[in-house]
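The feature Zn(2+) binding site is assigned by Swiss-Prot to C98, C100, C125, H127. Look at Swiss-Prot and you will find K240 tagged as ATP binding site. Annotation comment: Swiss-Prot describes S239 as phosphoserine, evidence class experimental evidence. Annotation comment: Swiss-Prot describes 9-19 as motif ''HIGH' region'. Positions annotated as motif ''KMSKS' region' by Swiss-Prot: 237-241.
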Amino acid sequence: MKIKTRFAPSPTGYLHVGGARTALYSWLFARNHGGEFVLRIEDTDLERSTPEAIEAIMDGMNWLSLEWDEGPYYQTKRFDRYNAVIDQMLEEGTAYKCYCSKERLEALREEQMAKGEKPRYDGRCRHSHEHHADDEPCVVRFANPQEGSVVFDDQIRGPIEFSNQELDDLIIRRTDGSPTYNFCVVVDDWDMEITHVIRGEDHINNTPRQINILKALKAPVPVYAHVSMINGDDGKKLSKRHGAVSVMQYRDDGYLPEALLNYLVRLGWSHGDQEIFTREEMIKYFTLNAVSKSASAFNTDKLLWLNHHYINALPPEYVATHLQWHIEQENIDTRNGPQLADLVKLLGERCKTLKEMAQSCRYFYEDFAEFDADAAKKHLRPVARQPLEVVRDKLAAITDWTAENVHHAIQATADELEVGMGKVGMPLRVAVTGAGQSPALDVTVHAIGKTRSIERINKALDFIAERENQQ
């Protein structure tokens, strides 16, 4: 049997992390079994579905490289198929027309609730033989079995059973002729030959209804697996107050897709004590029986740790392709300065996100207007003039501009003046970067370049002279 899974988001908003994890699990299960992964857009909610949301879902899937083998299919383009199946069910007696008014249904609901009963349709039209005009408004309901139960073996939660007496005669076509969500899902899974439905636990109550419709259609019933929800680190349902929720917001915040995928796969699934997984390892090891039934807690610090790991573990050239977007957001002109791959090597240990990296690299490419006030006050003092003049001259004398030779020039300055490296290094750092923090000074000065470094040292010397004149 060829394994076929699907991810079927409703385009009413962005791709959130819960949806992304569901998509990842479905994708991994298909890839693990050499099967196929289908993308289906469930856009039957015409009022809330938007083209922008569809684009956001696609962007998120593409950024995570969760490529699909079929689709995207759109439910709104399949209404003729759904209605043909409903008409067939009406002929076979597995569905019926319901003419009950909203007023009657509301009165029925209130009566049942007053008695402490679960509100459900009483089946009046199911057994009615009244004649109605062809143009009289009606809905179509599924004639749910009235006896027995629905049992399915959830691949994560184990056997789950629902009594058919608890289930309503579901509306499958509205008065305007449009099919309903639960029905469209059934026909889609049937037509697309979906073998395994992996989705959120909020769909558990839909499953027995969908199974009954599939059986009425004499269609194969897929295997179901319902993934637990994701909570914030405070135990409450994940929301915007816990930080980013949209997948693309994590891109904007400077996370690599590999970090988010690695984090999401471990958010409810485990393989021994292993924390770091390549995409190939995820595919190799993923199984549904290793997915936890319990809700997971989203921990941003853990994601940040993973992101820092991947910034340094992945090839710098690859990381640079993602960094480029953030550089553009900061409007930094990188034509005069180190290659971005070299920048990743320089700043990788210091920066936990690509956004942080982009925001802290400008001095490598562009001159700064002024020195950081605190750093200048502390390190650009008259006592720093001589170390800066000596190190400037030694840097100017370098013919082979390497980080090693830059280091020798700084060390030689400290030796010549008989001072500690800090007496040379800190004024030099503020002079060439404008701030009090940077990567190792030799590689920083080397990356900034000989001409620009000397110009900035002269600017720092002018700054010191101006301060002296003002005193």
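Quick reminder: no glycine exception, Cβ is built from N, Cα and C everywhere.
When the alpha carbons of C100 (Zn(2+) binding site) and S239 (phosphoserine) are compared, the span between them is 39 angstrom. With respect to their backbone Cα atoms, S239 (phosphoserine) and C98 (Zn(2+) binding site) stand 39 Å from each other.
Using a 10 Å Cβ-Cβ cutoff, C100 (Zn(2+) binding site) registers 16 neighbours. In the shown protein chains, 20 other C-beta atoms lie within 10 A of the C-beta of C98 (Zn(2+) binding site). The helix, strand and coil residue counts that DSSP assigns across the motif ''HIGH' region' (9-19) are 3 helix, 1 strand, 7 coil. Neighbours of the Zn(2+) site: apart from C98, C100, C125, H127, residues of the same chain with C-beta atoms within 8 angstroms of the site's C-beta centroid are Y96, K97, Y99, Y121, G123, R124, R126, S128, R141.
Looking at the motif ''HIGH' region' (9-19) alone, the prediction's average pLDDT is 91.
Contacts of C125 (Zn(2+) binding site) defined by a Cβ separation under 8 A and a same-chain sequence distance of 6+ are given as Y96, K97, C98, Y99, C100, R141, in order along the sequence.
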